[in-house]
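Taken from TrEMBL as is:
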- 133-166: repeat 'TPR' (REPEAT)
- 167-200: repeat 'TPR' (REPEAT)
- 201-234: repeat 'TPR' (REPEAT)
- 235-268: repeat 'TPR' (REPEAT)
- 269-302: repeat 'TPR' (REPEAT)
- 338-371: repeat 'TPR' (REPEAT)
- 387-420: repeat 'TPR' (REPEAT)
- 421-454: repeat 'TPR' (REPEAT)
- 455-488: repeat 'TPR' (REPEAT)
- 557-590: repeat 'TPR' (REPEAT)
- 625-658: repeat 'TPR' (REPEAT)
- 659-692: repeat 'TPR' (REPEAT)
């Protein structure tokens, strides 16, 4: 017996068996020899022979802790968990610190889904022997089952440091990597595990699943086929092969595998989802719904199941149910949001909730565009002339700022159906964003001929009119849109911006305030309100809004430029310059930013730099009236009056009532002793704005120089009525 035990310790199992067999020929009822032979059989994976010996040994000696622990291990391998637990409990009652028995009971608890009990036993075993690689491995598996993947990885790494060629540990770590979507690392471990043990069905199944996630379907299928040759009844492998067949558009084969998987494990929630999705693709909607409903009874928060149930309801024209499910899926935020958002956008569209539909596509900006394109292409592979799919993809491309691709889809859709108001409206918006305002206007006009009361089209035409400086028409459209939908934050922001351009600041502020009450982080409304506050000389509030806009988007050139202007109005020239520099670093050919930086340089008495920036601005946009005006002022500050006059004259030809230009030209004429011309400009300005303090002061001085003392006195008195200081 003792020689047999020593051979066992030396891992010479055949020699050990030879000696133990001899012992048992001498004494058939030697409990120790039976127990040790049972252990040797266990180590050699000869479980039936092991069980026979351990049973005999325990009849003779029912309280052998070691024999009980090994019989408990065999019962677990045979899926006889209650018997396993009974033996291991009894073994540990005799020897509470038996690390093998603790480990085996920990594994049995895990197989019974009692993971907390499993963890307690494995922790206790590791307290006794902290470097036991087998226990570390098993605790890693338990952590994985508990979705504590980081801790699982730590244990499996430690186990593999000691034994880097442990095929089971490599498989387990590969499975853990799979669960956290680290597929390259998963593949590396599973490959190594299968080099050591090519017939590990579980490792083959996980490698097949990993290949599936990497879109390597042929390799996935090869591994899953091989795994199922070894173990025909592996529900996980069947489910994953079904998924692979599904991706290969082999729906009948896919369905067959899902059916088998669910025969083995009827409550396998993921298999129910996959089978439901397969039924959906086969237009078998009632069966799809039945599977998805059952899956959601098991796991009510499964985002994928909610998403596909939403799509199933959509295909059944049950839009309210579709919307509820798709929205619930998005709240979970763990499935493919692109797919869900697109289908919810379609659902909104079917319900004629067009603004909600477009709002969903707006959120695609936050999602990986490559992933989005894959999902968007799918419906068009089936029918390249599917106008609705073309429109949907066109809108998604538009929201991802892929305007050329968007235009291509919408153009194709409109070739099929030229009177599609939605496609016309959408293309009009894209033209607007590409600064192709005439084309935008043409599409929006045509869309509104078909559907005159579409609030969204009216709002976008109003915004297009604003960009074309056609403010009255802009206001008319925006007013009409807001009668239809009074609380649309975007349209309120558009009207606020139009009022701003019309110098109707209080009305602008009212609209922008209301817009921001509805949508506090609307960056466009924040930017426009920041400008409106500045126009009202409320600089701190202006700064606050522009700061908030830049917190949301630090690279927004408009917000940077406007904050630079606000800083300048507050005489904080260095900060102004910093913002304008940053804006121009992002967009070096921004004519407005160059013009504003030119003004800031002038306020800092850096006239040459001011002139350089204003010149460049006018090279880019020769008819930029603001840049002409500011260059005229810079020339005046440099005493280059003729050049100043040339710029101001050009500006006033375009806009004869520009108050700043009239004031500047009047001042220059006065400096050039051309008093009658100065007087003419200043008088004209005061006809437009009788309370312009600067013009009153300048005209009063001009009258005095011309010895028109009564007129001078009248202007200066009026000035003091306006401003006592």
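Cβ coordinates come from backbone N, Cα and C, glycine included.
Just so you know, TrEMBL annotations are computer predictions that nobody has curated.
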Contacting positions for the repeat 'TPR' (133-166) when only residues 6+ beyond its ends and CB under 8 Å are counted: 99, 102-103, 106-107, 110, 115, 118-119, 122-123, 125-126, 172-173, 175-177, 179-180, 196
Summary of DSSP states over the repeat 'TPR' (625-658), given as helix, strand and coil counts: 27 helix, 0 strand, 7 coil
Contact set, same chain, for the repeat 'TPR' (625-658): CB under 8 Å, 6 or more residues outside the stretch: 591-592, 594-595, 598-599, 602, 607, 610-611, 614-615, 617-618, 664-665, 667-668, 671-672, 688
Long-range Cβ neighbours of the repeat 'TPR' (455-488) (under 8 Å; 6 or more residues past either end): 354-355, 358, 421, 425, 428-429, 432, 435, 437, 440-441, 444-445, 447-448, 494-495, 497-499, 501-502, 514, 518
Number of helical, extended and coil residues in the repeat 'TPR' (421-454), per DSSP: 27 helix, 0 strand, 7 coil
The repeat 'TPR' (659-692): DSSP-derived helix, strand, coil residue counts: 27 helix, 0 strand, 7 coil
